[in-house]
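Worksheet for the structure shown next.
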Amino acid sequence: LAVVAGGVVVGFPLLTALALETSSTAHAAVVVGLLPLTTAAYGAWRRGTRHPAAFWLAASGGAVLVAGFALWESGGGLSPADLLLFGALVVCAAGYGEGGRLAEEMPGWQVIGWALALCLPLSLPVAVLAMAVEPDGRLTARTVVGLAWLVLGSQCVGLMVWYRGMAVIGVGRASQLQLAQPLLTLLWAVLLLGERMSPLAPLTALGVLACIAVTQRTAGGGAGPTVVRVRRLGSGGQRS
């Protein structure tokens, strides 16, 4: 539970928010497009799942695309924002993997609920302090709506069903649902924020998605334990 809280509640939101101070949403979306791969890799390591060579070849291809895009956009060197984003990938993958494992033993809403409660003694005073010292920290209708969406939509409801899905079909298979995330992020950044998209951003995102799709098709292991129990109940009439 501490890994879920540190990775999903604190680490990933904090690191990505800091990165977006100096990076565009489009650039961050392509880097974060590697999250399905890192989640699957963490799940394989944590559960001892063996993947074929095609999985690792596609994984390497996706990593090269992401690193190449980051180097090109930053003029040949990694920026502090890129380092923050790559750190966010690692901690979020750990939080997703551990959350999916915990969701096999408790409902998904309890996983994220307890993680949020665990972080509350830290997050509440920090939020109050930030509002007091930030020069642009005043609340407006736009910021209230944005915060409400992040709390209720992204953090609570989104992670509740996400963890439940990981428990039912397994970490590797569930991570396929994230394949559309970079493209959708790029689209919403243009529509809502008026950002100008780099010509390389959508091409890189498509390449990353293709590589991750191959890793998911060739991933070893099957559905999680929950699915196995359901099948046994359906076929034998009682749990074995």
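One is the number of the first residue shown, and numbering goes on along the chain from there.
Positions of Cβ are set from backbone N, Cα and C atoms, glycine also.
A TrEMBL annotation is a machine prediction, not a hand-curated record.
According to TrEMBL, the transmembrane segment annotation covers 52-71, 83-99, 111-132, 144-163. What TrEMBL lists as domain 'EamA' is 81-214.
Same-chain residues lying 6 or more positions outside the transmembrane segment (144-163) and placing a CB less than 8 Å from one of its CB atoms are 8-9, 13, 96, 99-100, 102-103, 107-109, 111-113, 116, 174, 177. Residues of the same chain lying 6 or more positions beyond the ends of the transmembrane segment (52-71) and with a Cβ under 8 Å from any Cβ of it are 27, 30-31, 33-34, 37, 41, 77-79, 82, 200-201, 204, 207-208, 211-212, 214-215, 218-220. Packing against the transmembrane segment (111-132) from elsewhere in the chain are residues 1-2, 4-5, 8-10, 99, 102-103, 139, 155-156, 159-160, 163: each is 6 or more residues past its ends and has a CB under 8 Å from a CB in it.
Taken residue by residue, the domain 'EamA' (81-214) breaks down under DSSP into 113 helix, 0 strand, 21 coil.
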